[in-house]
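Annotated features, as they stand in TrEMBL:
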- C280, C283, C315, E322: [4Fe-4S] cluster binding site (BINDING)
- 22-261: domain 'IspG TIM-barrel' (DOMAIN)
- 276-363: domain 'IspG C-terminal' (DOMAIN)
Amino acid sequence: MSVSLGLPALPPPVLAPRRKSRKIRVGKVEVGGDAPVSVQSMTTTPTTNINATLQQIAELTATGCDIVRVACPSADDAEALPIIAKKSQIPVIADIHFQPKYVFAAIDAGCAAVRVNPGNIRKFDDQVKEIARAAKDAGVSIRIGVNAGSLDPRLLAKYGKATPEALVESAVWEASLFEEHDFHDFKISVKHNDPVVMVKAYEMLAERGDWPLHLGVTEAGPAFQGTIKSAVAFGALLSKGIGDTIRVSLSAPPAEEVKVGLQILQSLNLRPRKLEIVSCPSCGRAQVDVYSLADAVTEGLQGMTVPLRVAVMGCVVNGPGEAREADLGVASGNGKGQIFVRGEVIKTVPEAEIVATLIEEAERLAAEMDVPDEGAAPVVTVG
Ligand code: SF4
């Protein structure tokens, strides 16, 4: 058992203070201001299939998703919203394109928020007053979701393509309509599939108002490409304090989006780090199959939620150094593994016993660890 001295641990450093955005609510989740950056995803099941949708939401919730969005392209989907909104453990956002009437249906259904796309709902501008009043009365927030693929044709004609300026102009215009009707509980996204355009658009938008920003690289691609595009774009923005909620868009199961989103936030210390495997890339000096070893250790420690750093190193060049810096580590060589715990060699085991020993020691350390408060505010490193 570890002994707490009653001293609060310092929160880990972050790269920049958060941009000062206004705080809104998406159901029970706060977005903007000092609220932790939240992770969103979107269901892929037909919304009309209530059981399958709720099953997928449960899986997303278990993975760590904070907010979920469901598509609402038809009256049948709108009819499914009340049960989904009621039974979901996390706030549900209805995603509305083309048909303003479904915005009202989603508000009546008890959804926590509604996403509207100004480019797809020309009629929308005329209905902002009614939407703002209905949303305000119900305590529902809105996302103004501008998307490069569905930019308002007027702006496409003006700019020739979906430039950062065009995306921002669309968003600011729609925001001004809501603000004219004294509605302020909205966040904005300006998504593009090109991280460079997307980053520029968000940087420009961040200068124009204090709206909370929902980050997304739209149609980012299959898992590998989409993960990299999203990590690069979100990293560029979050490292400057821009971004209040994120959605990684992958052509992959939505739970994968959540895992990637959480990992991005953890890498930037915007979420407490959990299990971290530090493994070397291997090279001609390796005296063990590092890939298999790292995979086996990762597999064996899956589900561990404590902030444990485990080093898996292939030889004695960098191995002992990295293993010493980690909570737990192995430096392999000559058919053996030196096992380190908190900087000290505790034993040397035959290669065949490395994985089992690391897992056993990790479980022992995890049982001893105090898990930091998830809500602890991060510290800003200066210089
Ligand atoms: S730790 Fe050893 S095996 Fe791994 S990359 Fe470095 S030198 Fe190569």
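Note: Cβ is positioned from N, Cα and C throughout, glycine not excepted.
The structure displayed is predicted, hence computed values, not measured ones.
All protein chains included, C283 ([4Fe-4S] cluster binding site) registers 11 other Cβ atoms within 10 Å of its own Cβ.
Shown in sequence order, R285, A286, Q287, V288, A331, S332, G333 are the residues of the chain, 6+ apart in sequence, with a C-beta less than 8 angstroms from the C-beta of C315 ([4Fe-4S] cluster binding site). Mean per-residue pLDDT, taken over the domain 'IspG C-terminal' (276-363), amounts to 90. Other than the site residues C280, C283, C315, E322, same-chain residues with C-beta atoms no more than 8 angstroms from the centre of those residues' C-beta atoms, the [4Fe-4S] cluster site, are P281, S282, R285, A286, V290, M313, G314, V317, N318, G319.
In sequence order, V278, C280, A311, M313, G329, A331 are the residues near E322 ([4Fe-4S] cluster binding site), counting only same-chain partners six or more apart with C-beta under 8 A. Counting every protein chain shown, 21 other Cβ atoms lie within 10 Å of the Cβ of C280 ([4Fe-4S] cluster binding site).
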